[in-house]
Structure formats: C-alpha cells, structure tokens
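*Asks:* Just dropping this structure here.
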Amino acid sequence: MKPRRRKPKCYGQVLLTQVWKRLNLIECDYFGLEFQNVQSCWIWLEPMKPIVRQVRRPKNTVLRLAVKFFPPDPGQLQEEYTRYLFALQLKRDLLEERLTCTDTTAALLASHLLQAEIGDYEEALVREHLRAHEYLPGQERALERILELHRGHAGQTPAESDFQVLEIARKLEMYGIRFHTASDREGAKINLAVSHMGVLVFQSCARVRLQMFLNERLCPEFQSSTKINTFNWSRLRKLSFKRKRFLIKLHPEVHGPYQDTLEFVLGSRDACKNFWKTCVEYHTFFRLADQPKPRARAILFSRGSSFRYSGRTQKQLVDYVKDGGMKRIPYERKHSKTQMSLRALNANLPRQSVLFTEGTRTPASPSSTSASFCSGPASPPAPVGLLGSKDGSGSPTGPPAPSARWPAAERSGVAAAPPPGPPAFQPCQGLSVESPQLPSTRKTPPSLSPLGPAEQGSSPLLSPVLSDAGGAGTDDQEELRHKCAPADEAYFIAKEILATERTYLKDLEVITVWFRSAVVKADAMPADLMTLLFSNIDPIYEFHSGFLREVEQRLALWEGSSSAQATGDHRRIGDVLLSNMLQLKTLTRHFQRLHEVLTELEAASSRLRRLEALRRDFELQKVCYLPLNAFLLKPLQRLRHYRLLLRRLCASDRQDPDRGDQDRADRREALKAITEVTSTLQHSLVRLENLQKLMELQRDLVGIENLIAPGREFIREGCLHKLTRKGLQQRMFFLFSDMLLYTGRGASGTSRFRIRGLLPLRGMLVEERENEWSVPHCFTIYAAQKTVVVAASTQLEKEKWMRDLNAAINAAKSSADTALAPLGSVLCPLPRRPSDEVSLEESEDDARRARCSSGGPGQHRASTAMHVCWDRTTSISRADRSAAVENQLSGYLLRKFKNSSGWQKLWVVFTNFCLFFYKTHQDDCPLASLPLLGYSVSLPGEADGIHKEHVFKLQFKSHVYFFRAESKYTLGRWMEVIKSASTSPGRAGTSEEEA
C-alpha cells in the first residue's frame, strides 16, 4: 500500500518556516536549504514554488542547510547563535576546499575551530581529537602548525573563537564565493560568482596554472582562481539571460566608448537561470531597503521570468532583530570538556526527527553537511545549528540535550552521520517539522546587552569582541585580546595603515557608490562629466580595494601568532607596501585630473539647476558627512598619509633588531616610491585644497560672487569680535591673499553667513592698540577707506591673526603688479566712511535688502569648520588644515562619559578637526560627531577615578569624555592627532555637537 501523500502542492516557504521554527533561528534570512538537481548542481529551494516542481526525485534527494548570503562583516550578525552557524559553514567550506587560502591561514582557521571545539590546548587530547576528526584536506601536513597556533588561543571562549574564524575568513578573496563555470566571448574558460559587492569574474584554475607555469612562479600555495574583474552593483544597469547566455548591461558612464553589454556563456539554460536568480537575490538582499513588490502577471502572454526575491532584505532583518520582532532565547555554550558528564547521561536518548550532520567525522566522507528530513520519535529538542545543535563543545546549559551524546567534534550533530554516500530521502508526512521546546535557563551573554537610547544607531550590534562594553565582561575580553596581540611598534603602525585604509575606502564609496547612484537615478549630470568623474575615480577605488585586501590578509597572519612566535613571513609587511606603492605611479594621471574633475563639476553645478539641487540634497544625507568636494581631495591626501606612515614604519626598524633585512629594504624602497609620487603631485594637491576651500566658501557665504579667482589663496578663517556702536559684536573673518572679508550670521533659521564688509590688503596696516580701546586682545586694522577694531578671544589667537595678516600684507605688496579678478556682490555697495573713523555696521535697510536679494536662507549643513570656529570663537589656518590631512586616524576605541559606569566600543574616525563615531568600520553613516576645536586632551587624574590602562581624557568646559586605546602606542597616536586639531583650553565656546 502506497503511503498517502499530503499537500502535494506545498510551497518551499512552508518547509523553510518549519525549519526556522524548529531551529529557533532568528536571523534566518541569511540561510537557505539547498539540494542537488538532476545535473548534480547545488541549487536553492525556492520559497514561492511548489516543492514537487523543484525536487524531481524525492527518494534520492538530500536537503541541507547552508548559508545563502555572506555579509561583508561578521559584526553585522547580531546573534551569537547565528555566528556559530556561520563558523560551521566556513568549517565545511574549508574541508571541501571552497575557502581556498594559504596553508598558514588554513592552519590558523583550524586552530580557532579547534579552540571552539575542545577548549584550551592539551596536547594528548588535541592529537587524539585530530586523529578522529578532519578539519583540513591533508591535515597531517599542517598538524604541528595547528597545534602551535592552538596553544596561543588559551582563554578564548567558543563565541570568541567563532568570531575569530569569521573575522579571518571574511578577509579572504574566496569568502562566500560559489563558482559557476562559464566562458567569455572568446571561449576562454572563466568562473562567475556573486557577492555583496556585485558580480565577480575569476580566471579558471587551468588558466591560472598555465600562467603561473609560464612565469615560473608555480608554488604549492597558489589559489585555484584569480579574480580578474568586479562589477559593482552601482555600475550595473541590468542583468538578464537568454538561453545559455548571461548578459550584463553597464551604465553609460562606466563603459564609456566601449561596449555596454557583456556576455558570458554558461553550461546550460538551467545553470544560467540559476545564476541569474542568485544575482537577483543578492542584489535585493544587500542593496535594497525593502523587498520589491511582485510584478502583476499578464493575463494572456507573459515575457521574461517572474522570479523575485521573497524574503527580507538585510536592512529589514537588522531592524527586525533590533526592534525585538521575535522573542530571543538566551543562548550560551561551553567547551566540550565541560560536557563529558552530559554525554554520559544522554547517550541513549532517541534521535531527533531532523538530521543535521557535518560529514567531517571521517576522511572518507568528503560531502558537506546534509540534512535528511524524515519522521521519527520526538525527543526534547535543543537549538539546532547550521549542521545541528551544539553539544559538547558548545552545548547550551539547561536540560540535557540529545546532541550531548556525540563526540566533541560533533558538537553540531543532532544525530549520527550517515555512512558515506547519498542518504535516502524518506517521505515525510507533509515534511512537517516540530517546533522546539527550548530550555529557559540559559543566560544572555553580557556582551549582547542592548544599547541605551543615546548610543543606539542604525548599525547592527557587534560580536562579543566588538560589542557595546556596558558590562564588565567586555573589559575582560579586551584585556585578553590585548595580551595576545603582538606588541612591537611595527605591528601597530601596520594596523593603523589597515584601519585608515578601511575609512579611506568608505570615503571613496561616497563618490563611487552613493553619489553615482543618486546621479544615475536623477539623470541630472551630463554624460561627458560622468565619464570624466568616474573614469578617474573608479581605477583609484579598484586599486585601494585590492591593497586593503592584501593588508588584511597579512595582518591576519601577523595576529595569528604571538609576538614571540611571529617570525619570517608572518611579520613581513614591506613586500605588500612596496608592490602597491609602485603601482600608485601608474595612477598618477588619474590623480592629476582630479583638479579638472572638481572644476568641471563646479561649473556644471552653477550652470544646471537640477545638478545643483542634487548636490545640495546629497550633502544633507548622513552618508555625506563632509562637503562633497572634500571627498574628491581624499585620493591626493591619502598619498601624504602613506608617506607619514611609512616614515614611522622605517623609523621603527631601529627599535626591532630582529626584523629581516629584506623587509627593511622593502620598507625603505616603498617610502622612496611614495615620496616620488607625492613630490610629483604636491603642487596639484596644494592647488586642489585651495580650490576646494574657495568653492566651499563660495557656496556657504551669502552676498558675494566671483570668490574663485586665479591667484587668490585662502589663508585663515576664524571668529573675532568687532567694535561697533553697540559694543563688541561677534563676526566671522576670512583672510585671503588679496583681501579680508568679515561676515555675520544670516537671518534666523539659517546657518549661512552674510557678507558685511570687504577690506583690500593693499595699503592695509595692522597695529596693536589695546590701551587706546581698553579691550583685551584687541588690535586695529587700517584699510584704504576703513578702520576696524577687532578683539580675539585669547592672546594666542591675536598673535596668530596679526602674524598672518602682516605676512599677507607683505606678500600683497610684492605682488602689486598682479591684478586679481574683481569681486561681484549681490549686496548693495557698502557705505564708505572716513579713514579715521571706526567702522560701524551697515544700516538695517542695507541688511534687509541683502536678505531679500540672497534668495532666502535655505537648508545647509551646520557642522563645517566655519560653524565650529564661530561656536568655539577660534580660528583655523591653511597650515592647520594641511597638518590635519597628515594626522587622519581611525580605529576602535572604548568611550566613557563622565558620569557613566560602562565603556562602549566604537569605530572612531578623526578627520577635518572632528571625531566621527560609528558602530563598526563597515557602517556607512556616523552615529555622532564631536568637533575637537577648543578641546584639551590629557591623561586622567586621580579625581577622575579611572583605573584602566591607555586612557586619555577630552574636556571642553564641563564636557568630559574618556577614551581607552588598545596599547601604549595607539594611546600616543590618538593624543598626538587630537592635540594637532584642538586648541588652547581657555577659549570660549558652546557645547559639542552630538548627532
């Protein structure tokens, strides 16, 4: 008698929902069920399609749970349970040789997996465990290296080990990559893949082997494929397929005069369609805020596929978890050695009805984790992981779980692994999966405690290592990480290169991704200008993306060994720096054309209202945390930063006698190479910085035209108090190479400044006459037709202004023959006064006419350096801005407020005299900002009650912050750069601006 079939048209979503419920998986949208089709290709179970139309041979089909979407940063995974499942997926990929890497990196990953599995190093136990369980192909060759690395992980919890696995794996080029074999138009064999960035193209293994053989560089650690191109989502206009051909259409500004459609041929129509579906799902999940609405189906005829991604996007998933959309089950696991007794007590419990096995118990079973769905006796279920529930090595506390009877390496197994070969698919009555009854006695890790209202932002919570440090547990984790990290100065300089490179790449993405997307969507920029802009920015972005990846991989090896064991290649960084600094020379023409890009963009904005409105709206977005033009300066400014860091790195060689001679030589050659590049481009950078500042002032100041003129240079901007009939009035002064402007706040409701006076430098005289006016820190400016009395906030500010004014006046005298373009103004002419009369403010009628002619206040960014100078009554010179460029810094810091008890870990970026705070380095928008002008930086005193190492204190009036760095070197660097941006503490000002 045939078994009765239930729900023959049951959709895939029904099965997925029951699996998520049984696993109690909150962040379930990262996962999926996959199976092999008739052609033995792994494909995903589609939620919106009946199962019987997908699984053609149910009796011979194995469904397995797997990670479907790989986020770029494990910090985006908010649940420890989810990170554990990801670690198991990477364990499977490592064994199946999908996650290709060098032998050293593979051993490092295996050592962390081993630490999470059985805990701290015990040689006899570890060797016995590795004899019974395989982590790597050919594990015997790397056995001693695995043991050596495992010995250095003492004290790591399973959660910390899982996070280290994710952190190392995400830096590998093959992280989350699933190959789809194809060929290009010439018939050359390639591999296609898709990631969060876009569509990737790899050379096939055979081509890489041949190329390396011809170049006589064949080595045992070569990668199976080499990435040759990346098509970012922002550069793609359309993805489609026609039979076996996969088509990529690019935006016009990307392909330029070349072909706008790229064509790849896959093995079959089904393979092509499956890859197209994967691309659609990845694009929707990572790029869209909301899932797209289903397209209405045609009544008679339909053209094209109606396939759409049906789950939540990453943004929706993050918001759902953060807002508590699903009740969280507290989760905690321990090492397997603490669970031996539980295994003994539960050795005879019945099997679960859902089988999730790793397939790594014996070397004879190379297949990855499979999941057989069958009916069976129910038993008290426990949380099931990617490959099952956590037992010995990470079993949750509470009532004994059935998974506790399995060996230590099978901490994820709910049932014993089937013998090698495809297990039978047993017909399930409707494929029902019971909802688990989870123990309620587990504890929530303190590192996952929610943020308070002041600290919450749009970014996801971090891992236990990089999460909010409100409790004492995070301090212990930080101390453990600092103890295990290398201690030499060269390591921290290399880490600074890595941190600042991450920030720099995010800054480039403001142009290459965000601004490009806004421009394409609005269709507001001429095609020739788009080609000019992106054809010069994109090659720079592609270069730095590769450089960042190389530095991440080298630092992962460096951090994988203790400072006593790290020798040879593990501590080398010079070869990476040298090869990339030499490559920078090939980008010189792109750097030199940035001046043209900036000029053309400004000209088009003044000519096209739609483009000007687009720029204004874009600069008000959170992702554009600086003026748009400032991001175009970043590539040239980064070159100067490289030079500073390489000088520090070469200087550290004298303190490290164990450094290899070859690494020393590589570092010196890298410094020489970047010095040549910066010397060539120094003049371009100075011109570009001056042009960008004039453009910024032209847009911010109301009542002046033609501020940008050949030969005009910005010198200083700042706040002074001007003597008027009503007494001292606060004014904003701007000193240029040919004139001095002073402005005042515009009408209420606007943050813009309105021109109130203009004083030419020719014939100007500056005198110090405090006794005459009885005003502290005052001096008198005699112009051709005006006399102005101004007062600075401090004696130091007065000396700075008088020094720069006198230098500018002398320079103007020597260049008397050079005539600058006249300034136009929308203001009516300023009233002239006798030369011996103190300048007073223009009349109310003049001010009223000026407000009417300026076109209204409008909306504008109120956090620029100009506004900070106004609020803090200080000033910034051209030399200050130049120094700030070289002193940019990024990294993780622990922050504590004056009256708070806990520390919060944040990614902190210092640029443009301001600290910007992010939850992680992957976030696009800052959570808050802190302008540093007027702040003092020092070490905490006894009265502050701070008993931690590497802490510095920021104070402005009654506003006090404490920041904790990871090392003595990092502490010194942060204090150094902040001192370069802050000013004397005696100046007046207002409270800091918190976003």
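Using the three backbone atoms N, Cα and C, a Cβ is placed for every residue, glycine included.
Pulled these features from TrEMBL for this protein:
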- 584-621: coiled coil (COILED)
- 360-377: compositional bias 'Low complexity' (COMPBIAS)
- 432-446: compositional bias 'Polar residues' (COMPBIAS)
- 1-290: domain 'FERM' (DOMAIN)
- 489-684: domain 'DH' (DOMAIN)
- 713-810: domain 'PH' (DOMAIN)
- 886-983: domain 'PH' (DOMAIN)
- 359-480: region 'Disordered' (REGION)
- 833-859: region 'Disordered' (REGION)
*Asks:* Mind checking which residues reach the coiled coil (584-621)? Cβ under 8 Å, same chain, six or more beyond either end.
*Replies:* 514-515, 518-519, 522, 524-526, 529, 532-533, 536-537, 539-540, 543, 627-629, 632-633, 635-636, 639, 673-674, 676-677, 680-681, 684, 687-688, 691-692, 695, 708, 858-859, 861
*Asks:* Kindly state the mean pLDDT of the domain 'DH' (489-684) in the predicted structure.
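*Replies:* 87, rounded to a whole number.
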*Asks:* Tell me the residue counts in helix, strand and coil for the domain 'PH' (713-810), as DSSP assigns them.
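*Replies:* Tallied per class, the domain 'PH' (713-810) gives 20 helix, 49 strand, 29 coil.
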*Asks:* With DSSP, how much of the domain 'PH' (886-983) is helix, how much strand and how much coil, in residues?
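*Replies:* Going through the domain 'PH' (886-983) residue by residue, I get 18 helix, 41 strand, 39 coil.
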